[in-house]
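Taking it in order: structure first as structure tokens, then the write-up.
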Amino acid sequence: EIGRKTWDEEAILQQVRDRAAQQKEARERQFQRAPTPPDAQEIEMRRQRLNLDQDLNKVTLVPAGASAVGKRGRGAGFYCEACDLTYKDSLQWVDHLNSKQHLRATGQTETQERATLEAVRVRLEWLRQKRDEANQGQMYDIKKRIGERQRIEEEERRIRREKRMQKKRERKAQARESIL
């Protein structure tokens, strides 16, 4: 068979299809995650504020190589026990708390519960009661507040007067010592 080579086009197309299918399977396996557990709860609103100042100005001992490890494990910064990750600043930390990875690790789904009309009414009534309770004990008496403010200002004036008198006494004492 000397001469021009002929190609089996059907065989080549089949090889291309097989290779594409294998690559697709590999990609799917790579990005496959564990299914959401059936008992996972829907995402909920935080009940309390994030306390980002909690460890401010505190000294914490960190393992020797922890700073070079990256995000994995306990290190200096904000640590997530559920995911075993450490973040260097509060923005990354808050982003992580809202991430799919963290929600999955804490047993929550990314879906939100749809609020019903009755749930909204109950929440509004609760907020109204809370506001009324807070305002109940704080009926403002303007004369009482003015009197309180005058008392505070008088106290501040008295303290300033005492400081001035103390400085005068110190100056007189220094003048006597310099004469003697």
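Using the three backbone atoms N, Cα and C, a Cβ is placed for every residue, glycine included.
Just so you know, TrEMBL annotations are computer predictions that nobody has curated.
The compositional bias 'Basic and acidic residues' annotation in TrEMBL covers 17-31. Per TrEMBL, the feature compositional bias 'Basic residues' maps to 160-171. Feature annotation from TrEMBL assigns domain 'U1-type' to 75-109. Feature annotation from TrEMBL assigns region 'Disordered' to 17-41, 151-180.
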On the DSSP side of things, how many residues of the domain 'U1-type' (75-109) fall into helix, strand and coil, could you say? 14 helix, 8 strand, 13 coil
Mean pLDDT across the domain 'U1-type' (75-109) comes out at 84
